[in-house]
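Here's what TrEMBL has on this protein:
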| type | residues | note |
| --- | --- | --- |
| DOMAIN | 17-191 | domain 'NADP-dependent oxidoreductase' |
| ACT_SITE | Y51 | active site, proton donor |
| SITE | K76 | site 'Lowers pKa of active site Tyr' |
| BINDING | H107 | substrate binding site |
| DOMAIN | 207-264 | domain 'NADP-dependent oxidoreductase' |
| TRANSMEM | 281-300 | transmembrane segment |
Amino acid sequence: MPWDVIKLNDGNVIPNIAFGTWTLGNGQTATDNVDQAISIGFTHVDTAQSYRNEAEAGVAIHESGLAREDIYITTKYSGLNGLDVETSIQNSLQNLGVKYVDLYLVHSPRLAVPDIPTIWAKMEKIKEAGYAKSIGVSNFEIDHLQTLLASAKIKPAANQILLHPYVIGRQAPLVRFCQENDIVVEAYSVLIPLTRRPGGPVEGPVNDISTRLDVKPEQVLLAWAKAKGAVVVTSSTKKERLEGYLTAGDIELTPEDINNIDNAGAAGARRMTARTVLKRVVTVVLIGAAVFGACGYLGIDVL
């Protein structure tokens, strides 16, 4: 089925693909890129304090001519300039030029000062005041969520996390925990196996599937994330790529397709872990050799 909406635990709904502004920078180019995404059919714009382009996104949203209820806006409390969450939401609303956002997220558990229950109680007040229709978190692990849920009056509606085939092995328990607790998973950086780590094991099954279905490899990865039940947050400055991202919602992967991508991701993760360990061992050996050599030069007995 095509991209649609997912019902949140508070009764609201969220479009299950979003245009993210993380990598856009600021200025007129950022506004133009958000405008382009909206013009071809994106109805969910994801931004954050720390991206420093809320205002640019806001201009594009207003210039689109869409009614407020026809565009879904997510932004995040990032602790920018050391400001507290109460001040930050007001600044975000002003930057975006709106009276409320649809989803407001705590960008990271490290922002939970002095602790998670305290920051979440403040988020609950923001929702109760009508400044955000839904509230959630980003980059929270299972232990963070357990701490939050133990004191929460309002459940987080979503948890936005890093999710792509090379991390699905370690993220699977978190995804499962969110699903069991009716917290929607939002996935960012889904395309990393193609954009940042090309040539890895994932490319094999992805390319096979893209050939069989006559679609682009990036569309296969987006369909993979959708099949995991996630809201996909993605971005591009190229119109044709964005159009392809939207049509990826029509791609139906088989259970075998998903399993093959998962297995390739696990193989790639093991390979990357082994490479990291090897680099650390080599570094330690080189440092040791350098120290031994220096001691010998200075006439110091190291035995």
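Residue numbering: from 1, along the chain as shown.
Just so you know, glycine gets a Cβ as well, placed from its N, Cα and C.
Please treat TrEMBL annotations as automatic predictions, because they have not gone through curation.
What TrEMBL annotates, mapped onto the structure for a quick look.
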residue : record                               : Cβ within 10 Å
Y51     : active site, proton donor            : 23
K76     : site 'Lowers pKa of active site Tyr' : 28
H107    : substrate binding site               : 20
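Averaged across the domain 'NADP-dependent oxidoreductase' (207-264), pLDDT in this predicted model comes to 97.
Distance noted between the C-alpha atoms of Y51 (active site, proton donor) and K76 (site 'Lowers pKa of active site Tyr') is 9 Å. Cα-Cα distance from K76 (site 'Lowers pKa of active site Tyr') to the residue listed as 'substrate binding site': 5 Å (rounded to the nearest whole number). Counted with DSSP, the domain 'NADP-dependent oxidoreductase' (207-264) comes out as 40 helix, 4 strand, 14 coil.
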